[in-house]
Amino acid sequence: MRFSLSLLGLVIMLTPVTAVGPQVEQTTFGKLADGKTVVTAYTLVNKNGAKIKVIDYGAIVTEIHVPDKGGNLADVALGFDNMDGYLKGSPYFGANAGRCANRIANGKFTLDGKEYQVTVNNGAHTLHGGKDGFDKKMWRADAPTMGAGGPSITLSYVSKDKEEGYPGNLSVKLTYTLTNDNELKVEYNATTDKTTLCNLAHHSYFNLAGHNSGIILGHEVEIFAKAFTPADETLIPTGKIQPVAGTPFDFTKPTIIVSRMKEVGGKPIGYDLNYVLDGKAGGVPFLAARVTDQRYGRTLEVYTDQPGLQFYTGNFLDGTNTGKGGAVYQQYNGFCMEPQKFPDAVNKVGTEGWVAPILKPGEEYKQTTSYRFGVKK
């Protein structure tokens, strides 16, 4: 299979950066299918003019505008400019996956000796929480704040006992901060009143050349992981932890995505797997990945305190999603870097290197992940 990097030459709209000082704007984004429930958008602007837009439906990030090496702003996040796209089958653009991100084999797991069946929505398996995961819920937004480091907004959601089949009432808080260093910080906190699963993940699709600029296969990627979790044809991990050395999954050195795509295999061809990060999980966020767009010079560094990172190259995008400004998102038009606990880890209890995403009453789930945007020096 051949990939033409000439597609990377598509023209995108650029906006020169004008420093306007930190701002917060609140607008109406649209309504739910009931025609009554109003969805509100919150736009956070830092002192550099970089900005993000967040809606209270799914706590979704719909826009991320950051500068390139020439100081020109572009929106680097795939998404929609109205509710229709999000209601008609969004592939998790800018979403927050929960209550349990990634896959659960056959939608089944056992907690405290009791077997649970949650909704399946990905063949025989459960993906990103189930049919109506956190990405499809209305979150409650607090009033945005303007801190010394940049604007932020906190959203919360209470997932009721037995929602999608999961046990316990899970109370979740999510704070987005756009720092004055052009960093999008994503912070999760959660508590439960009954033993349950909790594995949250942010699912923005990025294209550092601009959301409407075509394929991302020319991006250079570096992932700080010496191992990965191989999976079967349905993307359920086998339970093994395998070194990346000698495989097409080795991104321990900066590598152009397309350079080894032929070796990856799968249907469709592309990357969609979990890396075992080198950093120490549960502590201070560490550098997990770095991505560079050679053309415009934008860089993205991902910092997290999670043990795993799902790297996905938009293999299943197929042109059916018409996004912002009429952009048609085709295969490989965006990539995801999703820090999280390992997929299907609840069904790998006792397997060396695997930790189940179990949360008990009295405990607090915490995660800090940062997407730091810059330019190549």
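Numbers here mean position along the shown chain, with the first residue as 1.
Heads up, the Cβ atoms here are built off N, Cα and C, so glycines get one too.
Keep in mind that what you see is a predicted model, and the values were worked out from it rather than measured.
According to TrEMBL, the protein has these features:
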type: ACT_SITE; residues: H203; note: active site, proton donor
type: ACT_SITE; residues: E338; note: active site, proton acceptor
type: BINDING; residues: N102, R103, H203, S204, Y205, D272; note: beta-D-galactose binding site
type: SIGNAL; residues: 1-19; note: signal peptide
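Across the residues annotated as binding beta-D-galactose (N102, R103, H203, S204, Y205, D272), the widest Cα-Cα separation comes to 18 Å. Applying an 8 A CB threshold to same-chain residues 6+ apart, the list for N102 (beta-D-galactose binding site) reads L127, H128, N199, A201, N274, Q310, E338, Q340, F342, P343, D344.
Over all protein chains present, the Cβ of S204 (beta-D-galactose binding site) has 26 other Cβ atoms lying within 10 Å. Put simply, D272 (beta-D-galactose binding site) is 13 Å from H203 (active site, proton donor) when counted between their Cα atoms. Of all the recorded positions listed (D272, E338), D272 has the fewest other CB atoms within 10 A of its CB.
With a 10 A radius on its CB, H203 (active site, proton donor) counts 24 other CB atoms from all the protein chains. Neighbour list (R103 (beta-D-galactose binding site), Cβ cut-off 8 Å, at least 6 residues apart, same chain): N122, H125, T126, L127, T234, L235, I236, P343, D344. Listed in sequence order, A77, L78, G79, P91, F93, G94, G314, N333, G334, F335, C336 are the same-chain residues at least 6 apart in sequence whose CB falls under 8 Å from the CB of Y205 (beta-D-galactose binding site).
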